[in-house]
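Structure first, then comments.
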Amino acid sequence: MASPKKQLIVFDFDWSMADQDTDRWVFEVLAPDLRRKMKTLKDEIQWTDLVAQSLREAHSRSITKEQIIHALQIMPYHPAMVRAVTSLKNRGETTFLCLSNANSVFISTILESKGLQSLFEEIITNPAEWDPSGLLKLRRRVDPDGPQHSCAVGCSPNMCKGEELEAFLSRKGVEFDQIAYVGDGTNDFCPILRLRSHDTVFCRTNRGLQKRIHKEGEEKGLKCKIEYWGGAWEIEEKFSQL
């Protein structure tokens with residue numbers, strides 16, 4: 001009897017698993033002027049550092065931990081995505097990995113609100129923690145004062161998703177029969193270059209990843225299969241066929 005197929009599903013989070021960008025959403029809900037300031041400064045300050053700075057400013061205005069948690073809990077997240085991942089996990093033999101430039105508190109808060117706190121084997125992202133005063137302290141995954149990643153494809157300084165995916169596969173020590181990557185942004189291009197010809201990227205349409213695939217995919221040697229989707233109901237359809 002053939003052994004069950006082992007598969008790995010890798011998820012970006014913002015605009016891939018969730019239907020919003022966590023970093024931007026929190027400030028749009030609680031402090032729109034800070035969101036405008038972030039938009040103005042995004043080309044001058046590294047993004048993770050900018051979010052950390054904005055969280056400090058929000059805290060200085062007495063925006064509370066409870067307000068931030070509530071904003072995350074009401075962030076758009078499609079029921080079809082909950083069904084899609086729950087159904088696939090319940091079938092067994094599928095490992096889920098989250099690979100995101102958001103942060104650990106934002107992601108875990110949202111997952112818990114959807115009953116998905118045990119979905120991922122690992123959540124690889126920027127570390128964050130609440131301090132006793134209610135400030136959410138955020139830092140880059142790759143410390144700016146330590147050794148830097150060696151990405152040549154254009155990942156942000158805080159994390160190279162391609163290197164992180166390869167490190168996870170090495171730690172796991174499992175030869176997955178199939179890897180599927182669900183992503184949308186330009187920083188998802190690097191990890192999908194590591195996928196094999198029988199692996200699949202589920203690319204959200206009309207966002208940065210699709211543009212990079214069209215512009216650079218052939219030149220950079222992209223091997224994996226590409227399937228496009230626009231809404232979570234389509235991911236539910238596609239996952240039912242895995």
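Numbers here mean position along the shown chain, with the first residue as 1.
Cβ from N, Cα, C; glycine included.
What TrEMBL annotates here:
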ACT_SITE  ASP12  active site, nucleophile
ACT_SITE  ASP14  active site, proton donor
BINDING   ASP12, ASP14, ASP184  Mg(2+) binding site
ASP12, ASP14, ASP184 excluded, remaining Cβ within 8 Å of their centroid (Mg(2+)): PHE13, TRP15, SER16, MET17, ALA18, ASP21, SER100, GLY183, GLY185, ASP188, ARG204, ARG207
Residue pair ASP12 (active site, nucleophile), ASP184 (Mg(2+) binding site) - Cα distance, angstrom, rounded: 8
Rounded Cα-Cα span from ASP14 (active site, proton donor) to ASP184 (Mg(2+) binding site), Å: 8
Neighbour tally for ASP12 (active site, nucleophile), based on other Cβ positions within 10 Å of its Cβ: 24
Other C-beta atoms that fall within 10 angstroms of the C-beta of ASP184 (Mg(2+) binding site): 23
Residues that sit under 8 angstroms from ASP14 (active site, proton donor) by C-beta distance, when 6+ apart in the chain: GLN20, ASP21, THR22, ASP23, SER100, ASN101, ALA102, ASP184, GLY185
